[in-house]
Amino acid sequence: MSNDAPVKKKRKFELDPRLAAYKGVWVFIEHERGQVHPVSWELLGEGRKLADMLGVELAGVVLAAPGEGQPFCQEAFAYGADLCYLMESPVLKDYRNDPFTRGMTELVNTYQPEVLLLGATTQGRDLAGSVATTLATGLTADCTGLTIDLDNRSLAATRPTFGGSLLCTIVTLNYRPQMATVRPRVMGMPERQEGREGRIIEHPLAMAEESIITKVLDYIPDDTRDKPQLPFADIIVSGGKGLAKPENFQLVWDLARVLGAEVGASRPVVQAGWVELDRQVGQSGKTVRPKLYIAAGISGAIQHRVGMEGADCIVAINNDPNAPIFDFAHYGIVGDALQLLPALTEAFRQKLATARRAG
Ligand SMILES: Cc1cc2nc3c(=O)[nH]c(=O)nc-3n(C[C@H](O)[C@H](O)[C@H](O)COP(=O)(O)OP(=O)(O)OC[C@H]3O[C@@H](n4cnc5c(N)ncnc54)[C@H](O)[C@@H]3O)c2cc1C
């Protein structure tokens, strides 16, 4: 192209004046049986950054049974919220799509936030979809990065696309609120600030139980509760297809046992039936954020990487010096995992025994 070619001018974005009143970043505080899902705190940490960039307040949104919500609000302040919108009603005792959608949309229409974040959990995904549809606004699901494009005061939400081979950044310019969901452990946990205070804005919900089609008849605890809790493990030893045979995967279990770690795996290992699906790390598995992630015989494909790159320290063992995992691992060991895993297990065993003897 010649230097004289006409330069296409970027059209200046103008926000629909009717949307200018929308201000503030909101985080849905998800809870069940008195327990707040940790993804809510992770989102408050991220929301704090977005609110500071926009120069607005960060709010938690608590929908709960009468008398249940106040402690959740106090906890939200400790994790960075400036205020909480609290809606309490008997119909909000257990999560159901109808009353939660009605409650959330009523709060949005009344107080007009510009950004609304929810966890990409079963509850969060269910609620986000119906709230976005009811409000006819944009929702970006399963985001891996959130920031503000200050040129047009827009939420820029990044997520994998095309089977995870590309990352795209999505903006919903002329819609409010701009909604996004984020999977647990994708964002870091903010520091809890004991004694931090905020305001509570109470808002009633006028909705009768008779108008709700769904009824809660019983509570059956999730039978996956005792299954591997990879997203919250501090140490994970993960094995990949490079271990060649299912018998060799025992070397991963051995090292994990000595380190008190959880066991993870790449997708081909799960597909081959060497370990159960709950242990798959990556785009179509779990997102993890341990202090230490040891990857043995894993190439580091983007679909695996997006699930574990938030680890504080990644140690990769691979016999190919050009394996992609070495591009982002903090420590790389080029060598045969079948020899290195038992050597590490033995070295850690001895180290721990010495430490125990020394008291
Ligand atoms: C839509 C979609 C979703 C996906 N989701 C996921 C997901 O959630 N998680 C996931 O993991 N993958 C996922 N994948 C698959 C992903 O693209 C890769 O195919 C996969 O991660 C590769 O697994 P791997 O590294 O174990 O195996 P391979 O790619 O076969 O790599 C094996 C590695 O081991 C090394 N190696 C071989 N022998 C040894 C040895 N003796 N010692 C040390 N190293 C050795 C090799 O050099 C190689 O780097 C997805 C793919 C798609 C299309």
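Just so you know, glycine gets a Cβ as well, placed from its N, Cα and C.
Remember, TrEMBL labels are computer predictions, not curated facts.
In the three-state DSSP classification, GLY282 (FAD binding site) falls within coil. The FAD binding site annotation in TrEMBL covers 266-267, 280-284, 297-304, ASN318.
The domain 'Electron transfer flavoprotein alpha/beta-subunit N-terminal' annotation in TrEMBL covers 25-216.
In the three-state DSSP reading, ILE302 (FAD binding site) counts as helix. Counting neighbouring Cβ atoms within 10 Å of each of the binding-site residues (ILE298, ILE302), the lowest count belongs to ILE302. The binding-site residues GLY282, GLY300 differ in how many other CB atoms lie within 10 Å of their CB, and the one with the most is GLY282.
Of all the binding-site residues given, namely SER266, GLN280, SER284, the one with the smallest number of surrounding CB atoms inside 10 A is SER284.
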